[in-house]
Every structure is written in structure tokens, then in C-alpha cells.
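See below for the structure under consideration.
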Amino acid sequence: MSVLYLVVQQTMFFSIPLLIVALGGMFTERGGVTNIALDGTMIMGAFASIYFINQMQDSMSGQLLLLLAVLIAVAVGAIFSLLLAYSAVNMKAGQIIGGTALNMFAPAFAIYVARMIQDNGVQQITFMNTFRIDSMPILGDIPVIGGLFFKNAYITTYIGFAILILSVIVLYRTKFGLRLRACGEHPQAADSVGVNVYRMRYAGVMISGGLAGLGGLVFVIPTSTNFNATVAGYGFLALAVMIFGQWKPLRILFAAFFFGLMKTIASAYSVIPVLAVANIPSDVYKMIPFIATLIVLAFSSKSSQSPRAVAVPYDKGSR
């Protein structure tokens, strides 16, 4: 049973950031803008929030510090995404090129600034992990389920599920969601009924940036006690999750848990009895998440139906 607890908890740690970032990618693409800068935005959000924790951990700790870091990660991610929004919406630049430029800029910026502001001149930012919840009151005492989901947990896990629920409501039950989807499917029709396509696309990109910045923090907190200007390519993996999930929140949830399980196998194979006794090199296990990504995309790409106007710059005069 202890192995089951470990596998489920590790899967949650790896799946939740994928879920959050993939939902962010869903919002921007549903509005008609491709955001491949998710990886770079994760780095920027993680850098700002982890540095905040590093500076404030002597005066405060626990869940309050983590919640403040969450707000900083969201704010920095949203602000950073404005660069993509301006280039894609106002300048009508190539969205893939713009996203690639931001992905290249983010780690270089994080490394440079970290070396500049830290006394020892190193790029690694360390922090004390005081955020784990040993057991949730009452819920942690539930047989089996309590041990799986409410012990040795992080509040960011529950934030991830809250974001999923909000995403479903916003996308399918609000005027904003209807207008955003219209801008991604047929922006000319949306504009003809008074929807400001530019504003909606800006909103979609900023939501995407905020969630990606949060995803960077959520990725680092449960799995490490330092940040080294990288998120291990999770932004690109989140893009695969979004495509596999067909730009729909609930499908993205299942896709995120699938890839999270693959990542857990890659990192915790030595404690899983069936895998531990197999004479398989460790490098093979480390490749599993990325091999799974290629296989899934190969079989699902033909049936994928992305928003029709995604990656197409909107020109109001080109009706």
C-alpha cells in the first residue's frame, strides 16, 4: 500500500503543473493565439516567486508565504505574456517565432538576474520547503482516500483542481468564454456582433501567462528545494497535453494525469517492485515521458481539431 501511496502522490506532483499550464494554453488558443512560450513563462513565474520565497522565508513560512508566492507567479506570468500578446495581436508577427524568442529569453534572463542579485553570484536560488501538509484535518483520516490525496500534500494541488473547475465554468457558462471561443473560431463573425477581438485575444494570452507562471511555481515546490532557471521542458509537455486533451478542460485533466504517471515511472521506478527487478537501464525510464508524448501525438494529431482561427493574425479590414 505504501508503494501505491507514493505513486499516486508523485503522479499528483507531476500532473498538477501540467494541468495548470495546459489549461493556460487552452485559453489562449481558444482565443486564436498560439502560445508556445509556455515554457519560458513558467521559468519567469517560478523565478520571481521562488526568489520571493528565498527573501521572505526568514520572516514568514507555511501556507501564507506560499499563497503570496502564488500571486506573484500569476502576476509575473501575465505581465511577461504581454510581450507575446503585443507581437501577435498588435504587430501581427509570427506567433511561433515570437514564442520561441520568449522561450530563449526567459532562462537567460533568470540566470543573469540571479547572478546579479545574489551575494555569492550563483544562479541557483534555494528555499526551505515548509509548505507540505502532513495531514488535512478530518479528510486525512478517511481510509485509503485520505492517505492518497490528503496526506503529504501541497495546497497547490487543490488550487490546480479549483482552476480546472473555474476553467470549465468560464469557458462554457459565461459570456466571456463564449466570446473567447468565437474569437478563436470565427473572429470576423465575433467582430460583426460587437466583440472586441483584440481585447479578447489579449485576455486569453494574459490568462495563459498567469496560469503558466503559476505552473512554474507549482512544478518546483513539491519536487525540489532550489530553482536553477529550468522547468525541464514542462511547458512543451503541457502543449502536448493540451493537444491530446483536444482543447477541452476535462480531457486535458486525463491527459495530464497520463503524462504525470509516465513522469512518475521515470523518476520513481526504483521503488516500484515490478520495475525495480527488471534489468532495464535507468536512461530508458527517463525517456518514457517523451517517448509517450511522441506516440500519443502521432496517433492523435490526425483527429485533432484545433480552433479554426488559431495562429491566424486578425485583421479587421480583411473581411
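Every residue gets a Cβ built from N, Cα and C, even glycine.
Keep in mind that this is a model prediction, so the values were computed, not measured.
Look at TrEMBL and you will find 6-24 (among others) tagged as transmembrane segment.
Only residues 6 or more beyond the boundaries of the transmembrane segment (36-53), in the same chain, are considered here, and those with a CB under 8 A from a CB of the stretch are 17, 21, 24-25, 65-66, 68-70, 72-74, 76-77, 80-81, 84, 95-96, 98-100, 102-107, 109-110, 113-114, 117, 125, 127, 208-209, 212-217, 219-220, 227, 229-231, 233-236, 238-239. As annotated by TrEMBL, transmembrane segment applies to 36-53 (among others).
What TrEMBL records for 65-89 (among others) is transmembrane segment.
Among the features that TrEMBL reports, transmembrane segment is placed at 96-114 (among others).
Per TrEMBL, transmembrane segment is recorded for 153-172 (among others). Tertiary neighbourhood of the transmembrane segment (153-172): same-chain residues 9, 12-13, 16-17, 19-20, 23, 26-27, 30, 63, 66-67, 70, 131-133, 136, 180-181, 211, 214, 217-218, 221-222, 249-250, 253, selected by CB-CB distance under 8 Å and a gap of 6+ residues from either end.
The transmembrane segment annotation in TrEMBL covers 202-221 (among others).
Same-chain neighbours of the transmembrane segment (227-245): 17-19, 21-22, 24-26, 29, 36-43, 46-47, 50, 103, 107, 110-111, 114, 123-125, 127, 212, 215-216, 219-220, 251-256, 258-259, 289-290, 293, 296-297, 300-301, 304, 306, counting only residues six or more beyond its ends whose CB sits under 8 Å from a CB of the stretch. Feature annotation from TrEMBL assigns transmembrane segment to 227-245 (among others).
Away from its own ends, the transmembrane segment (252-272) comes close to residues 3, 6-7, 10-16, 18-19, 22-23, 26, 164, 237, 240-242, 244-245, 282, 285-289, 292-293, 296 of its chain (Cβ-Cβ under 8 Å, at least six residues beyond either end). Sequence annotations record features per position, and here TrEMBL assigns transmembrane segment to 252-272 (among others).
The transmembrane segment feature in TrEMBL is assigned to 284-300 (among others).
Among residues of the same chain six or more beyond the transmembrane segment (65-89), those with a C-beta under 8 A of the stretch's C-beta atoms are 33, 35, 37, 40-42, 44-50, 52-53, 56-57, 95, 98-99, 102, 106, 130-131, 154-156, 159, 198, 201-202, 205-214, 216-217, 221, 313-314.
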